[in-house]
Amino acid sequence: MRTSNCGESASTCVVCLAKRDPFCGWCVKNSICTEEDTCERVLPKTSSGWLDFQNNRCPNIKGVLPDKIQITTADFLNVSLENMGDIKGRLQCSFRFPDGRILNSEPARQDPHDGTLRCATPPINRIPMIPANSSYHLATLSIVAEGRITPIASTNFSFYDCSRYTTCSQCAKSEFPCDWCLESNECVAGKLTEDKCRKQHIVNGLNRGGHSRRKGPQKCPHIVAPQTILYVAAGERRNISVKVQNLDPIFMVDFRCQFRLEGIEHEKPAVKTFDDNIMCEEMHFDYYGIGISGGTAAVEFNVLWSSSDSLRKHRLDNLSGVAVEVYKCEALASNCGRCLTLDVSKYDCGWCVPESRCVRPQTCLVKSSQDWLNSTQLCANPTIGDFYPKKGPVGGRTKLRIFGSNLGRRYEDVSGAVIVANVQCAVIPSEYHPATEIVCETGKAAIKNSKGPIVVRLRADDANYAAVSKYDFEYVEPAVSAVKPDRGPISGGTDVTLYGTDLDAGSEVHISFGEVNCKVLSRQENQIVCRMGAGDSQGSRHLYIEFDGSRGRVPYPVTYNFA
């Protein structure tokens with residue numbers, strides 16, 4: 001009994017044949033998935049009018065020439081077809097645009113010799129506008145039988161607009177065949193270059209055919225600089241200088257520098273030197289708002305050019321994104337440690353001791369060498385704001401995190417400088433954050449249950465370079481006295497609570513019952529909650545617990561039973 005529903009969810013030939021239903025096939029003339037006896041075919045009937053899955057040769061568009069076109073032009077397309085079956089009569093090219101609009105060409109006949117259909121692109125005035133944020137429409141080009149709407153075969157077809165590219169580099173690297181006309185500073189379709197850019201210098205796009213000595217974005221006139229970001233202190237007057245490449249000295253003769261800061265544009269005259277540098281007239285850089293973040297404000301930078309016979313100004317391309325960043329030392333760092341660890345390749349800042357401020361060198365009134373500190377020197381008065389954890393096992397090996405200010409500027413400043421409860425703490429170089437955070441591993445305590453402050457001594461003989469914590473670090477012996485519940489399914493997943501003393505000690509804790517791990521979920525001084533893993537057999541398992549590698553005390557047997 002036939003139970004096929006051929007047309008269900010099979011809107012194309014490929015989908016229809018992929019069903020591999022022996023009763024279903026693709027009716028070429030009607031472009032529907034149907035049973036053979038309901039397929040409308042020409043007489044006499046041929047095997048190519050209804051395709052079953054064993055045939056598996058759907059109508060197809062092999063190629064379109066051209067496969068894209070400038071939206072402001074019209075052209076004839078040569079569409080190569082295959083597997084068209086016994087379709088008779090005239091065919092049409094149908095263009096479906098992203099907004100759903102469909103435009104059909106005039107009907108034409110398929111060439112019986114090479115299977116080529118020649119059709120015209122839609123009238124220019126009927127093609128939808130390309131969206132403002134795009135440079136092309138990706139339309140669907142379908143072949144339909146005259147008087148019908150169901151596609152026989154489809155492919156993609158692009159309508160592009162080169163004029164949407166506003167810079168030479170955008171134009172030259174476009175996926176479409178565009179050219180950049182230097183004098184008129186515009187991007188045009190390659191097909192129109194000869195007419196629109198007559199007697200101009202041209203940069204050809206990468207997707208333009210043929211050989212060219214000026215092809216691609218790197219051939220565009222553009223600016224370069226040793227550094228992408230040029231750093232300038234707020235309040236400073238500076239001549240910005242950049243190098244230019246691919247300029248045409250005949251018509252690119254007048255230059256200006258454009259700065260955009262806090263939404264306001266400033267233009268300064270500029271001169272081109274013999275070695276292809278553009279030197280901007282002195283500009284006063286400052287900002288009064290909040291900036292970007294952390295004490296800086298971005299300044300958009302461009303170089304404009306114009307010709308001797310036109311006042312119209314055009315931007316040179318800025319391929320590497322050269323920009324200016326204005327900074328304020330005081331806003332970048334609120335304390336000496338942060339100030340002296342600022343990146344010296346970017347910021348010219350130091351610590352003015354009399355004013356207790358991070359400033360530029362020339363703004364600090366210096367009476368002695370001790371009044372000014374630069375990035376090679378050490379800040380006095382280090383402080384410890386907090387540390388974690390507050391206790392650790394007597395055996396040591398606790399990873400202790402110390403937070404504060406002025407805690408050195410490099411690893412050598414703090415190596416060997418940390419004492420925890422009278423025990424040396426070994427600083428971990430890879431986890432040291434200059435001036436703000438020290439991470440060290442505690443040593444083994446000589447005395448059980450001892451405690452004492454954390455001391456960071458940057459200079460052994462000077463109390464001005466020592467920091468002492470407000471609270472003590474304790475060396476303890478964690479102990480577990482009970483576990484609840486003390487039994488659970490062998491499959492695991494039970495949340496178990498361990499009770500005892502000093503269970504919050506150390507930076508890491510490992511818990512297992514026999515060979516079964518119990519994943520720690522939370523820790524407090526008197527309890528730990530962990531999630532039991534799966535056991536491999538029923539029965540009782542003894543607790544094993546480690547704090548930073550030191551075994552915790554279990555005065556009385558503590559077990560967990562897998563049921």
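Note that Cβ sites are derived from N, Cα and C of the backbone, with glycine treated the same way.
Automatic prediction, not curation, is the source of TrEMBL annotations.
Marked as domain 'PSI' by TrEMBL: 5-59, 161-221, 328-380. If you look up TrEMBL, you'll see 381-476, 477-563 marked as domain 'IPT/TIG'.
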For this session: Tell me the residue counts in helix, strand and coil for the domain 'PSI' (328-380), as DSSP assigns them.
Result: 15 helix, 8 strand, 30 coil
Problem set entry | Helix, strand and coil totals (DSSP H, G, I; E, B; other) for the domain 'IPT/TIG' (477-563) | 0 helix, 50 strand, 37 coil
Exercise. Looking only at the domain 'IPT/TIG' (477-563), what is the mean pLDDT?
Worked result: 94
For this session: Tally the residues of the domain 'IPT/TIG' (381-476) by DSSP class, grouping H, G and I as helix, E and B as strand, and everything else as coil.
Result: 10 helix, 53 strand, 33 coil
